[in-house]
């Protein structure tokens, strides 16, 4: 084509892209892909586009092999990632970026979290084996099981009774990183859909209470459903976590989990639309929000208490850079090393601050964790903090 499509013909452009995808990346016979695509122009009430679509698709069919070879030199085409993200991943992870992109494009595994209030992991593996389902223990999570093949979770032994939940291995690490103890009061900030909230209560049933805050009330419905299925309870609050004066009762927390809103670049394989909906400008805005959340929540943490900062991003701007900036402006905060669990080395790659997990084909998602301890009250306060 010599000219781009007009804005009014974006539907025709989309139709052409579908046809090209079918030609190059699907098992649909070429004649069927071309015929169906051209025929759809009538449904768009743009019969003039039939000739254009037919010509472009037939040219692509004829010259497709040479075209694909040429396009393979473009990393955007080769990795199926937008250019801004491909460049950002390459800059952050020069030795890993292509593997990250490959993992992002692969089908994600189905990973279960065994409810240790009901079963040990080895016991549930036996139940799966008896049911004829192949599965194996995850490497880093003490409660994680990866299924050889995905299935309807409702068909798994004890799902309705709360024996297991679906949760990626990387997300399962949060609860044990908090080093929970009986009697502690815990805040789960930005909690929806509630997988980590539930895991906290499974890991330590004798907490004095869990307060789970999320911005959207409708998302808390899902949190409540998960709690009810597992026979657990938490105080759910719909609020902006930064505006602590609106929801905090002034009683300090001994533990805080801040699962901060992020670009979700570590879970693209589960939400491939992220490639299209996320833009470069979003990253700086998200990093600013993450810093605001840290500043606001820090005063609610008791001296001697611990905050675990988590994202499902693989971009340092949202992770180690955020923690570095927070530590620089908060005199009462210190970072703690992240140790391994159950005799295993710690997951991920050690960073200047925290540890970064990169998405693994057949394994865990991309995730970031940092552990902070409050050594004094003289740290900087955040917006909306009750004095």
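Cβ from N, Cα, C; glycine included.
Feature annotations, courtesy of TrEMBL:
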DOMAIN    100-375  domain 'SAM-dependent MTase RsmB/NOP-type'
BINDING   190, 191, 192, 193, 194, 195, 196, 214, 240, 259  S-adenosyl-L-methionine binding site
ACT_SITE  312  active site, nucleophile
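Residue 192 (S-adenosyl-L-methionine binding site) carries neither a helix nor a strand DSSP state and counts as coil.
Of all residue pairs in the S-adenosyl-L-methionine-binding list (190, 191, 192, 193, 194, 195, 196, 214, 240, 259), the one with the greatest Cα separation is 19 Å apart. Less than 8 angstroms from the CB of residue 190 (S-adenosyl-L-methionine binding site) sit 213, 214, 215, 241, 258, 259, 260, 261, 293, each of them six or more residues away in the same chain. Of all Cβ atoms in the protein chains displayed, 17 besides its own lie within 10 Å of the Cβ of residue 240 (S-adenosyl-L-methionine binding site). On its own chain, residue 194 (S-adenosyl-L-methionine binding site) has 212, 222, 223, 224, 226, 227 as residues at least 6 apart in sequence with a Cβ closer than 8 Å to its own Cβ.
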